[in-house]
Amino acid sequence: MSKKKWITLAMAAVFLTLPLAGCGSNNTSNNAAPSATAAAEASAEGSASASPGAAAETFGNPELNIAVFQGGYGRDYWDSVAAEFMKEYPGTKINITASPKIAELVRPKIVAGNPPDFMYISGSDNTPILDGLVKDKALLDLTDVFDSNTEAGTPLKLQILPGVLTSSSIAPYGDGKIYLAPYNFGVMGLWYNKNLFDSKGIATPKTWDELFADNAVAKENDRALFTYQGLYPGYLEEMIVPAIASAGGQEALDQFFNYDPEFWKSETYTKVWGLLEKIATEDNALMKGTVALNHTQSQTSFLQGKSMFIPNGTWFEDEMKDAPREDGFQFGFLGVPSLGADGKVMALTQVEQMVIPAKAKNPELAKAFLKYLYSEKSIKLNAEKAKGVMAVNGAPDLVKEYISETTYNIYKAVDSGMVAVSGSFKPVAKGSKFNASDEVYKPISSIMSKQLTLDEYSAKLYKVYTQIQKELQEQGQQ
Amino acid sequence: MTMKTRKSIFIASCLLPGLFLFLLFKVYPTLQIFQKSLYLWTGLSDKPKFIGLQNYTDMFHDDTFLLSLKNTGLLMLVVPIVTLLIALVNASILTKSKLKERNIYRTVFFFPSILSFVVIAILWSFIYHPTMGFLNSGLEAVGLDKWALPWLGDQRVVLWALAVTLIWQAAGYYMVIYMAGIDGISPELYEAAELDGATRIKQFIHITIPMLWEIIRVTIIFSINGVLSISFVIVSVMTAGGPDHHSEVVMTYLYSQAFTNSNFGYAMAIGVFIFVISMILALLSNKLTERGTD
């Protein structure tokens, strides 16, 4: 082989190994424990400044491994809150693993029986791993953390937004025990262009009838009434769930989320899915081509003034900050109109989840860390670094200076007057082939393109719910 | 030590590392798949529960799985046939005609093969974009408004729209393989045929195809397997299996059962099933095309 060929080969080998090297490096960073002297100093200071309870506590195992989702909120918060925690609990050491694909990183560790001590899992790519852990009953019971007193002397659970701790996304087994801790909360509903409504003197609709009446206004302004994230009909949950609450109250929501097949024969069903059918059939109601658009494409169309309303959550403004838009566009949050005449506007709320695996090596320290996250210092830090609003009472006001005005107003609206609705599907039986949210929302695409009637749809879901119920009962007997 | 033993030691020491890696990274995981498909397992716990063949029987009562199997079957039937036909015809035209631009065409047709599948999927979702897409704008420009469908959102056409993308992606690759094959056919055969008065089409049927037959047989298997793996990326990016599972393929369904539904055992059973099916298809196409060589 000639010399030249050898060089080429060597170069090829180098280039081939480069991407491999890239795979190998991960996002783990060691926030090294403060050196011995620094720790000693810190403890000396700690006894003077930090809360007396904290400084006295020592942990048999001072090392904590946490894995966090690095998404829209970034990882700055986790870096700084870990630093603060280590300052207040001298001698402890927190290792942070952060990634947008955190589930992929922790999955092998969980399978190997060596999970991180604490995990914050979010983002639709990652959250399924939580469902798996819930099905396996592999999470640590956190009820005692929320029962314990805060520095103010009241139980921590009173500090959390009402209703959150009893929802099935936090207490998944219906026995009131908390296995997933709430982190940031988001508000979802319909959005509109505030500038258009203000300048044309259009009133925001308070009922669905008013909303459909706005179709004429929409047509005058050269746009459709409604669009949604076509390829991902799951986004429609943001208006369907509040509409169910509006039509049938908590009882109907329980039927819907806990798989009572009779829901699909109820009046609530007819009313709520009637709205979808109306959107599908009425002239100019659904933006042309919506069913074939992905979330970015449909949201861009909305910003460009092709549609009057779109469902989305508090992250909308940030998500679309670089997207083109019509002149003067301003984000306005409507919530979800009421089905009755009372005009009580609703909104869907959802919390992100943090967990401690049952097999965590250091559950004591993980619990202390979790509790620390709900301190005022941490809540403010979270707003400053992550622009997130935690699911605790009064959080919006506590963090007002750090979040945008639109976002603040949405949280304020939910705090005062707008009815917050929350809920999530009960976990299905282990080994079930059904994914409840897919079964319910995916066929809506076909309803929207008029290739599936409401009767066919409800008949199918009646069967699915019956089956899911049956599987849950069989599991219960085992 | 004799020359012979030294030689075999040398050969063994060259082969063993490779064999070891092959066993570790190919054979062992494959066996694991077979084993895990017999368990009820979330893919997370260390205590899978043995349930025998239940995952396999469940498969045939699962409507979504059957739909995805039907969709995959259609793609595996349509895409290879059309792709290989187009590739063969193009290759033959480009090699046999005296086109001056043949090298440009060769590059242009091959281009999709060096693009990443994700890029291709994004590119085509903009071509199919219902309002500003190239396809619908084109149809409207020539007055065929009625034909302008929301291609990726309509359950009747979505699979065909994806098939076109898959064909576009692969045709150039097989064309280049065929061109190389055609270049290897002795020109005397064509000259003789021409003297005997055979037309270009007759030459194509009676010289090109029989001489390329062995290559065609291999590409059929490549192409069928290609559809299986590439459809996963194309479907995930372009439609996410929608609308209402009408573009779901077995690979995307396997993935969603494993990673969003935490049904690892069931997903492995689907994997084994696909493995068996593709083995059968490969053997079948090999057997069916064998006659051509006699």
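Cβ from N, Cα, C; glycine included.
Taken straight from TrEMBL:
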| type | residues | note |
| --- | --- | --- |
| DOMAIN | B:69-285 | domain 'ABC transmembrane type-1' |
| TRANSMEM | B:74-95 | transmembrane segment |
| TRANSMEM | B:107-127 | transmembrane segment |
| TRANSMEM | B:157-176 | transmembrane segment |
| TRANSMEM | B:220-243 | transmembrane segment |
| TRANSMEM | B:263-284 | transmembrane segment |
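Most Cβ pairs under 8 Å to the transmembrane segment (B:157-176), among the stretches B:74-95, B:107-127, B:263-284, belong to B:74-95. Among residues of the same chain six or more beyond the transmembrane segment (B:107-127), those with a C-beta under 8 A of the stretch's C-beta atoms are 90, 133-135, 152, 165, 168-173, 175-176, 230, 233-234, 236-238.
Within its own chain, the transmembrane segment (B:74-95) is flanked in space by residues 102, 105-106, 109, 159, 162-163, 166-167, 170-179, 181-183, 204, 208-209, 212, 216, 219-220, 223-224, 227-228, 231, 249, 281, which lie at least six positions past its ends and keep a Cβ under 8 Å from the stretch.
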